[in-house]
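K.L.:
Under the heading compositional bias 'Acidic residues', Swiss-Prot lists 30-40. The glutamine amide feature in Swiss-Prot is assigned to GLN72; the stated evidence is experimental evidence. Taken from Swiss-Prot, the feature region 'Disordered' applies to 24-44. Here Swiss-Prot flags 1-22 as signal peptide.
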Amino acid sequence: MAFLNKSLLLVLFLGLVSLSICEEERRENEDEEEQEDDEQSEMRRSLLSTLGNMAKAAGRAALNAITGLVNQGEQ
C-alpha cells in the first residue's frame, strides 16, 4: 500500500511539473505574440503617418500649382 501511495504521489508530482512547464511556455508564446502585435501596430502607425505627410505635401503642391495658374490668368 505504501508503494502505491508513493507511486501515486510521484505521478502527481511529475504531472504538476509538466503542467507548470507547459504554462510557462504558453506565457512566453503569448508575450512574443504581444510583442509582434505591438511591432506591427507601430509599423502601421508609422506608415499611416508617412502617407498622411505625403498627402499633405501633394495637396500643398496642387494648391500652389492652381494658385499659380489663377495668378497667370489674371495678368
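Residue 1 is the first one shown; counting continues down the chain.
Even glycines carry a Cβ here, placed using N, Cα and C.
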K.L.:
Please list the DSSP helix, strand and coil residue counts for the compositional bias 'Acidic residues' (30-40).
P.N.:
11 helix, 0 strand, 0 coil
K.L.:
Taking the Cβ of GLN72 (glutamine amide) as reference, which residues of that chain separated by at least 6 in sequence fall under 8 Å from it?
P.N.:
none
K.L.:
Which of the three DSSP-derived classes (helix, strand, coil) applies to GLN72 (glutamine amide)?
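P.N.:
It is helical.
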